[in-house]
C-alpha cells in the first residue's frame, strides 16, 4: 500500500512538472513575450526596445532557467543598471541585500498579475473561494440526484422505469453546459418564458440566493448527472445479477431489503471513482458556466487571463487546475482501494 | 407579406397536441411511479394456455403511454406532411421549415425503406433497425447528415448577407423586399438564423467525423503496440496519454488556438505529427497482410505512400504559412481560416482517450486462445495486432466512435463558444451560440436555435451508440 502510494505520488509530481513546463513554454513563446513587453512598456516601441525591455526584466535567459526561477529552484535573476540592483526577488524600493535568493511557486511567490494589478496568490484565493461555493452546491444537487436515478434505473434492468431514466441520462449527457445554460436562461430568465430566476450570477458574488444561483448550479449539475447516473446504473445492474443477490432473494428477503441492504453498498463503489474523476470535467463546466453567467470565479479568471495574455496569472491558474486533476485522480485510486474489501484485505 | 405565426392555418390542431402531450407526460410519470410496485412480468401465462396482459392501474398507464405516444407522433407527422404539401407560408413557420427540408425527408424515407428491406443482409447496421432507440438516434443523425448535404437547397438566404431592418426580428418576419421570410428570425447583425443553422450543420458534419477518424487512427496505431508489447513502451505512452488527459481542455484550447501561438506554427507542427499516423496505420495494415506477397505489397505500400503523402502534404501545408511544402497550384485541400488548427486540437484532445480504450481492449484480448494460436503459427506481431485482435475489438470501438463524434461536436461548440478557432462570422453552431448569448435579454432565438440543433445531433449520436451497444451485446 505504501509503495503504491509513493509510486503514485512520484508519477503525480512528474506529471505536474511536465504539464507546468508545457504551459510555461507555451505562454513564454516569443510572440507572447513581445506582446507583454508592448502592453507593459507602450505599444509603439521598436523591436530593439522590446529586446532590451525583455533583457531588463529577466526574460532573456534560457527557458529552462526561467522555469526554474518561476518554480523556485534556481536563484532569481538580478540585474544592475546605474548602480541600482533590480531582480526577480527584489520588490521595487526594498534593499537588495535583504531579498531572498529564491522566489517561486515553492516559496509561495506566485507572481504578479499584469491585468488585475494584484498578487496572483490573492486573486486565486478569492476566486477559488467563489468557485468552491459553486462547486459545493453543484455537488449537493448532482451527487444525490444522479445516485438515486442510477440506483432506481439499475435495480430492475429493462423495466419501464429503467428505460425512462436511461433516456433522461442520455439526454442530459448530450447537453453541454453552453446549450443547457442558454436554454435555461431563455426559459427561466427572459421575457420568452417565465422570469423566475436571474440570467446572470454576478450578484451571487456578494450574496447567494435561490434567484441568482439556481441556474448556474443546475447548468453544471445537469451535464454531470447523466454520466454519473449511467455509471451507477451499470454498476447496479452488475451487482443485481450477482450470486449473493439471488441467494438473498431465494432466502425470502424482500426486494426492497435486497436493494437497500445488500446491493446498494456494493453498487456505490464504482460511482465513487466516477464522481472523483468527474472533478476535472466539472472544471470545464465551471469555466463555461462562469463565463456564461458572468460569475467571476476561477473559470472566469482563467478565461480572462488567457484572453489578455496575463502570463503569471495563467500559470497560476494552470497549476491549480493540474493540481485539482491530479489530486482527484489520487483520491479516487486510494478511495477505490479502501472501499473495495477484496483489494483492501489482500 | 404577412408575418408568419408558428403553425399558420394548422393552428386548429394546437389544442389537441397540447392536450395529448400533457396526457402523455402524465401517463409517463404515472407509469414510472407505478412500476415501483408492479410485478415483474408484463405478460402472464394462464394454466389453460392463454396469455393475459398486465391489468390494473399500471397496465392501463402502460397502454396509455403507448397509444398517446403514437398519437403524438402521428400529429407531428401531420404538421410535417401538411407543411410539405401546402404552398409556402400557409402552414406557418413549422410548415415552411418542413417544406424547405423536403429533400431531407425524402432521403430519410428512401434510406429507411431500403434499410428495412435488406435488414438481414446488412450485419450490425441491419441489426440497428431492431432497436427502437437506435433507430430514433440513427434517424436524427441522418437528418443532420442529409441537411448538411442539401444545405445549399434548404437554406433560404445567404449566410453572410445582412438586412439592416431584420436585426433581432422574431421568427416568421417577412423580409423588406417581400421575397420571403426569416423563418427562424434574424440575429444581431440582421442575418437569417435558419440559413445559418443549416449551413452550420455542414461544418459540424464534415469536421466532427473526420477528426474522430483521425483520433482513432492515432489511438489505434499507438494503443495496439502499447497493449500488446507492454513494458517500457506501454509505460511511456500511457504516461504521455495521462499527461494530455490531465490537461484542462479549455486551457489547452486557449494556449493552442490564440493568434500568437498560431503565428509560431505550433499547431501546424502538431498536425504534421498527428496526420502522419493514418498513413503509418494504412502502411502497417497492408504490409502485415501482404508480407508474404512482396511484389503486391510493394505496389500497395508505394501507392499509399504516394497518394497518402500527397493528401498529407496538401492537408498539412498551406502556402504562406509556416508549413508550406506544396506550391499553391498543387495544393488540393484548402482549409479556410483556422479550420486546420481547430481540427488538430480536437484530434489531439481525443486521441489519448482512444489510446486508453484500445490499450485496455488489447490487454484483455491478447490473453485469448486464438492469439496464442496465431503466435504458435508464427504470425508476426503486427499481423496479430491488426488482423487478429483489432477485428475482435470492433464492437466497443464502433460504439465509442459514435459517442466520440458527439463529444467532438461538443468540443467544436466549446471552441466556438469561447470565440476560438473558426472566424467569428462563420455559421458554425458554437460561434452562433456565443454571438447570440450576449443578447439573450433582447432576443432569444439566435442562441436557442443553434443550441437545440447541437443538442439534437449529439443526442442522436448518443442514442445511436446506445442502440448499437445493445445490439452488439446480443450476439
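Including glycine, each Cβ sits where the backbone N, Cα and C put it.
Away from its own ends, the transmembrane segment (B:12-37) comes close to residues 57-58, 61-62, 64-65, 68-69, 71-72, 75, 78-79 of its chain (Cβ-Cβ under 8 Å, at least six residues beyond either end). Sequence annotations record features per position, and here TrEMBL assigns transmembrane segment to B:12-37 (among others).
Sequence annotations record features per position, and here TrEMBL assigns transmembrane segment to B:67-85 (among others).
Under the heading transmembrane segment, TrEMBL lists B:91-116 (among others).
What TrEMBL lists as transmembrane segment is B:128-150 (among others).
Residues annotated as domain 'ABC transmembrane type-1' in TrEMBL: B:201-465.
Look at TrEMBL and you will find B:203-224 (among others) tagged as transmembrane segment.
Annotated transmembrane segment per TrEMBL: B:236-257 (among others), in sequence order. Counting residues 6+ beyond its ends, the transmembrane segment (B:236-257) has Cβ neighbours under 8 Å at 222, 226, 266-267, 270, 338, 341-342, 344-345, 348-349, 352-353, 355-356, 359, 411, 414-415, 418, 420-421 in the same chain.
Annotation source TrEMBL lists transmembrane segment at B:269-287 (among others).
Sequence annotations record features per position, and here TrEMBL assigns transmembrane segment to B:299-317 (among others).
TrEMBL lists B:337-358 (among others) with the feature transmembrane segment.
Taken from TrEMBL, the feature transmembrane segment applies to B:401-422 (among others).
For B:442-465 (among others), the entry in TrEMBL reads transmembrane segment.
With a cut-off of 8 Å between Cβ atoms, the residues of this chain six or more beyond the transmembrane segment (B:299-317) that come close are 268, 271-272, 275-276, 278-279, 282-283, 286-287, 290, 323-326, 330-333, 335, 340.
Contact check: the transmembrane segment (B:337-358) against the transmembrane segment (B:203-224) gives at least three Cβ pairs closer than 8 Å, residues 6 or more apart, which meets the contact criterion. For the transmembrane segment (B:269-287), the partner stretch with the highest count of Cβ pairs under 8 angstroms, out of B:67-85, B:128-150, B:203-224, B:401-422, is B:203-224. Within its own chain, the transmembrane segment (B:442-465) has Cβ neighbours under 8 Å at 128, 133-134, 136-141, 143-144, 168, 170-171, 184-188, 193-194, 196-197, 200-201, 204, 399-400, 402-403, 405-406, 409-410, 413, 429-430, 432-433, 435-436, counting only residues six or more beyond its boundaries. Sequence-distant contacts of the transmembrane segment (B:91-116) (same chain, at least 6 residues past either end, Cβ-Cβ under 8 Å): 4-11, 79-80, 82-84, 122, 125-126, 129, 139, 142-143, 146-147, 149-150, 153-154, 156, 171-172, 181, 183-184, 194.
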